[in-house]
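What TrEMBL records for 343-478 is domain 'Flavodoxin-like'. The transmembrane segment annotation in TrEMBL covers 12-33, 130-151, 172-197, 299-324.
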Amino acid sequence: MTLSVWRYAHLALAIISFLFLTMASITGVILAIDPVTEKTQPYKVDNFDAITLAQSLPELKKVYPELIELSVDHNQFVTLEGFDADGNDFKQFVNPTTGKAIGTPKEKSEFIQWITSLHRSLFLHETGRFIVGIVSFLLLLISVSGTILIIKRQQGIRHFFAKINKDFFAQYFHVVAGRILLIPILIISLTGTYLFLLRFNVIPNPEIKTVEITPKVDENAKQIDLKDFPIFKQTHLADVEKIEFPFADDPEEFYKIKLTDRELTVNQITGKVENETLYPKAKVLETLSLNLHTGRTNAVWAIILGIASLNILFFIYSGFVITFKRTRTKIGKNKFTADEAEIILLVGSENGSTLGFANKIQAQFLADGKKTFMAQMNQYQVYPNAKNIIIFTSTYGIGEAPTNAKNFENLVIKHPQTQNIKFSVVGFGSKAYKDFCGYAVKIDELLTAQKWATRLLDLKTVNDRSPEEFTNWVKEWSEINLIALSTAPALYSGKTPKLKALNLVSKNTISENDKTFTLHFQTKDKFKSGDLLAIYPANDHRERFYSIGKINNKLQLVVKLHEFGLGSQYLHQLKNDEIIKARIIKNSSFHFPKKAKKVIMIANGTGIAPFLGMIDENSKLIETHLYCGFRHQNETTKKYQEFANQQIEKQHLKHFQLAFSREENSNYVMDLVKKDADLITDFLQDNGVIMICGALAMQKDVEQVLEVICQEKLGKSFDYFKTKGQLLTDCY
Ligand SMILES: Cc1cc2nc3c(=O)[nH]c(=O)nc-3n(C[C@H](O)[C@H](O)[C@H](O)COP(=O)(O)O)c2cc1C
């Protein structure tokens, strides 16, 4: 049977029974405490298991002239009923070896009686008992299906207790606790079911027939001492449930002794066993089931039962968390249809975390006006206008597909695309598993073999949902396609963002030919230059990102006003003292590298924003060079020049160079870089760090220049320095 059939069975059983199970578990926990508190009472004598009837009964007889009944309860407390020397009747706990009264038996408290009744029958008498019985049976089925699911998950019964990887807490807890508490929960459910079946006669429950014996009184028989009755010598009090005493002056009366597995009739003169009735197996099993189900005979077992009951509540909770996570694999409504979309995002996700990453990418595409369509891998079809297909998929089992990607391979073969499409696969998995991202590898190979498919990037993998590893893919994909995507890992960390209040303290005017303006916000939140500010201009969930510079403890944004730019228009119309709701996204991969000896900063346009803050904060006087490209020379660039001069004076900055592309002697920032080839190679060899912020196209051009410089001057690729972490970028 497939995994999902067992999974659905397990879930369906849990859903049907969870209300009753919750009630039974809560009451079960309380009822488990009861036997433990009972056992703390001092009515059990030492060495009880060794006491025989031959030792006990003669002593009791000495103390009490007339005994009626002795009973031993599941706590091994001995209750004696009879008449004392003054002829008064009594019922008390006694020490069975001395006859000393040690306490008075009490009824269970009303609360415990109430809880017991709720647990057993929901106050609904037989109907209630029937429902509770059925719930016991359902719990049995849940335990069995759960065991099968664990076996399947562990890939065989041999690995049942092998290490479990912590994918997320609820799932880890559900499986680990399930394994440990499997036995007690199976016992609770099995015994509960058995008692139910007995009670409703589904399993025959034979009556015990007490044999009435015709007395055979031997007038000449000699009275033997009780302590010498062979049956009394053999029988321990621990095996006794009840003894009815005969009237001493009526030789036709017998001792009637109920043991745990039989009843005996014993002659009071001779000590002979006149009759022995063995209980049927069903009765013995019933007592055993009751003892196991209630824990009444053993405090340790009662505690284990209590823990198991408590855990059923946690199972219900964690089970629903797991189910809820699975429902997160549903994809929301698409803005564009599969037919019109140019970028197709296909997601294979079992517990929704992979979909979380895909959603963040999709949101950025849409905010950027890109025609995007997202679907589960199982919904694969022909995409007549697609230029890019991106696959995000997790792996389950031994390199197998998550549930919503199971049909993907067949569908790819069945529906070849009609035009050439570039593809990129991102695998989400865990290195804790042998077959790391096994399914993504398979899909990457499958797509490579399709005629219509052109590989855009090598397969990228993400271990344990690492946002940092994911941004490696984001960076590469975004740079190749020149489509801006945020590379701040914090954006992909899966935590729901908390919005913070930011107070606008100043906004400067725009210069005429360069529609750039700066804003300064005050906030209680911590931030660093290079972090991102996400704003919500349409007051919905769509975000726009801006690079932050920290100047005089204020959060500074440099924004270019676009005619139809939702974000820039929104920021532009803000008034001083206005408060906006936004969130700060930590972007540690683009913070100023404090450990570097030297830093080169390259920016164009508003990309200068984080660098302004970093330079202002460069109190360690790390050698820093700033290269910037703008279209026009204007008020704004004059202000940058003034700022740079001040910083050079403070030794926060060593050198500042500007390039203007739309002025006389037009040049670009990469021309400045080209000109300083010697300085740059010295920097790179001296472990200096290059930071780039601005347009993706500029980044691409600058990287090309750096590649040429490295090849010509150093005889090696710029990639060598990149892999050593000497290039930090944040482009859009
Ligand atoms: C039962 C189980 C089996 C898994 N098997 C693998 C595996 O074989 N290879 C792997 O790389 N990851 C494996 N994983 C890890 C998941 O692929 C990883 O946690 C992924 O991020 C989950 O993504 P999702 O929440 O979108 O389903 C397994 C996880 C679970 C719970």
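FYI, residue positions are counted from 1 along the chain as it appears here.
Each residue, glycine too, has its Cβ placed from N, Cα and C.
TrEMBL: automatically predicted annotations, no manual curation.
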At a C-beta cut-off of under 8 Å, are there same-chain residues at least 6 beyond the transmembrane segment (130-151) that contact it? List them, or none. 3, 6-7, 9-10, 13-14, 16-17, 20-21, 24, 119-122, 124, 157, 160, 175, 178-179, 182, 185-186, 188-190, 192-193, 195-197, 199-200, 312
Chain residues in Cβ proximity to the transmembrane segment (172-197) (below 8 Å; excluding those fewer than six residues from its ends, i.e. six or more beyond): 28, 129-130, 132-134, 136-137, 139-140, 142-144, 146-147, 150, 153, 160-161, 164-166, 203, 285-286, 289-290, 292-293, 304-305, 307-309, 311-312, 314-315, 318-319, 322
So how many of the residues in the domain 'Flavodoxin-like' (343-478) end up helix, strand or coil by DSSP? 51 helix, 36 strand, 49 coil
Rounded mean pLDDT for the residues that make up the domain 'Flavodoxin-like' (343-478): 95
